[in-house]
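Undergrad: Pasting the feature list from TrEMBL:
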DOMAIN    566-658  domain 'DYW'
REPEAT    114-148  repeat 'PPR'
REPEAT    216-246  repeat 'PPR'
REPEAT    247-281  repeat 'PPR'
REPEAT    350-384  repeat 'PPR'
Amino acid sequence: MVHLSHKFSTIPINFIPKQFSKHLPQQIQSQTTPPFIPFSQRQNQRSLLESQLISALNCCTSLTQIQQIHARILRKGFEQCCYVLTKLIRILTKMEIPMDRYAKLVFNQVENPNPFLCTALIRGYCLQGLVKESVFVYSEMRKKSVLPISFTFSALFKACGVVNDVDLGRQIHGQTILIGGFGFDLFVKNSLIEMYVKSGFLGCGRKVFDELPERDLISWTELIVGYVKAGDMESAGELFSELPKKDMVAWTAMVTGYAQNAKPREALEFFERMLNEGVETDEVTLVGVISACAQLGAAKYANWIRDIVENLGFSPTRCVVVGSALIDMYSKCGSVEDAYKAFNVMEEKNVFSYSSMIAGFAMHGYAYAALELFHEMVKIGIKPNKVTFIGVLTACSHSRMVEQGRQIFESMEEKFGISPGVDHYSCMVDLLGRAGCLEEALNLAETMPLEPNGGVWGALLGACRTYSNPDIAQIAANHLFELEPNAIGNYILLSNIYASAGRWNDVLMVRKMMREKGLRKNPGCSWLETKKGVIQEFFAGDMSHPRYGEMKQVLEDLLNRLKAIGYQPNMNSIAYDVSDEEKRRILITHSEKLALAFGLLDINADFPIRIMKNIRICEDCHSFICGVSQITRRVIIVRDNLRFHHFHDGKCSCGNFW
């Protein structure tokens, strides 16, 4: 007798008629195979499961969740599915999980990775700044004859742009040509333009742009932004005018470009055109316009943009980014009170809003208010950043708060884990120099762990001007001449220091250096806003203003009244070996004095006279305006290139320390 279990063990139970299967041993009955499923149905089930896995990966918010879904991927037999694993690597990249710790291990298990999976790994390496690793993956991909796709090259080009490796970018550019098929790929070409622009090779980017048979908004905008960052607003403007369809991004690039390149009037003109065209604006656009208003320092434009911000729904109450920009604008327009109002109404405050307000207090000489706000933000748990410390140290510097400045500087790393940068050392050198500690300031500049920049040596040189120390000034100037060989201000400052010390041969030596380099001094310029909201500009020594006769008479009357209370012109403010009479003539036509005279003629006594100046206010003009505020009972606010001076009743907010 044949044993049934042996006889039927190799016969699928579903092929045995039901009337006989019940007679089989229980062991055989339990070995029935699953019912037959058609191929198309199995494919549908697999596709459904793939979609479920992709959806589950999209919902992951932690590495633990990713690992759980990965385990499910393995259990369901999808360990070779490039489609699902591509998504897995992208999620790991999004969560900034180091590529070599997880994604690369997943990738290595796949026998035949497709272009999308390879590109996901390349992109992950690129986003984490590991360009060499991404290139290695690309090389291995090519060895296996896996053809790249558009996203492969765009990821590599972006990485090259981030690390400014144009040589590598050119090699990859060559790959797009050798492999072929990418000559008309707009996505790849736009990434290529971006790479050349970010690497500083605008000409190459322009050549790629000019050779494009078809362009989109990204093509145009990438190149416009490149010209903007290079400061070539003329080329940016030409491209913008040729752009067939201008969107918000292109308009914003122009507005912010003019603002960033110290062309605030043009920025405002473009913004007005943008509004007239009915183009939508966002926070970035508004911040650019607000920056332009801050540069002009005119209340008219400050109030104008504030109303626009409110009407567009970006009130500082709700929008912290715009609110922080408004704080900076009001501070630079001379109204720290309005800046503080904007700060107070903000429902949400962050490190940027606090830093803006601290900087505003600092530039207006309110050091104690700046320090109080700094301690407040720390108390409520907002961690200061590097910009915050620059504001606090500047406040200490402008108010001779040496010990407080030292303590805050030391606390940066000890308490907040922030390594001082070169700008913080510059603030400390400035703090020590302004307080007259020139030897200590020099020692700090020479022993600091970072390479001192022009800001450090410039701060020391400025302090030498205040305390008439030509020897240390020469040391600082020598460093500046190496770092900033064409910055004329350094030569002028050294010349003035020598002149104050009566070292006229050294003055002639510096002027000879200026002539040999072909350097020309930019004339002192001051501007103010008239009662009608018009910006009036005045240049030192310029007597062409239509109302110059009236202004001259005002200045002569003021000079006579000031002399009666003890004022004498400060001849050391003129660094020329000329007669005292000629020095007096030069001093009385300094640009801020001309602006002051016009302000007294034009602006009602109930309103402050706000003057902006492109260079540092000189000692004579400072004492002159102090006296004028006393004899006229007018509030006069002067913003020079360093800070604000609030003159009232014969006193200045800087305490004659600037």
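Think of each number as a place in line: the chain as shown, counted from 1.
Using the three backbone atoms N, Cα and C, a Cβ is placed for every residue, glycine included.
Heads up, TrEMBL stuff is auto-annotated, nobody curated it.
Situate these features within the shown structure.
TA: The average pLDDT computed for the domain 'DYW' (566-658) is 87.
If you look at the repeat 'PPR' (216-246), the same-chain residues 6 or more away from its ends with a CB under 8 A from one of its CBs are 186, 189-190, 193-194, 197, 200, 202, 205-206, 209, 253-254, 256-258, 260-261, 263, 266, 277, 279.
Long-range contacts of the repeat 'PPR' (350-384) within the same chain: residues 320-321, 323-325, 327-328, 330-332, 336, 339-340, 343, 390-392, 394-396, 398-399, 401, 404, 408, 416, 418, 643-646, 653-655, each at least 6 residues beyond the stretch ends and with a Cβ under 8 Å from a Cβ of the stretch.
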Undergrad: Could you pull out which residues elsewhere in the chain have a CB under 8 Å from any CB of the repeat 'PPR' (247-281), counting only those six or more residues past its ends?
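TA: For the repeat 'PPR' (247-281), the sequence-distant neighbours (Cβ-Cβ under 8 Å, at least 6 residues beyond its ends) are 217, 220-221, 224-225, 227-228, 231, 233, 236-237, 240, 287-289, 291-293, 295-296, 301, 308, 312.
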Undergrad: Counting each residue once, how many in the repeat 'PPR' (350-384) are helix, strand and coil under DSSP?
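TA: Split by secondary structure, the repeat 'PPR' (350-384) comes out as 26 helix, 0 strand, 9 coil.
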Undergrad: By DSSP, what is the split of the repeat 'PPR' (216-246) into helix, strand and coil residues?
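TA: Reading the DSSP string over the repeat 'PPR' (216-246) gives 23 helix, 0 strand, 8 coil.
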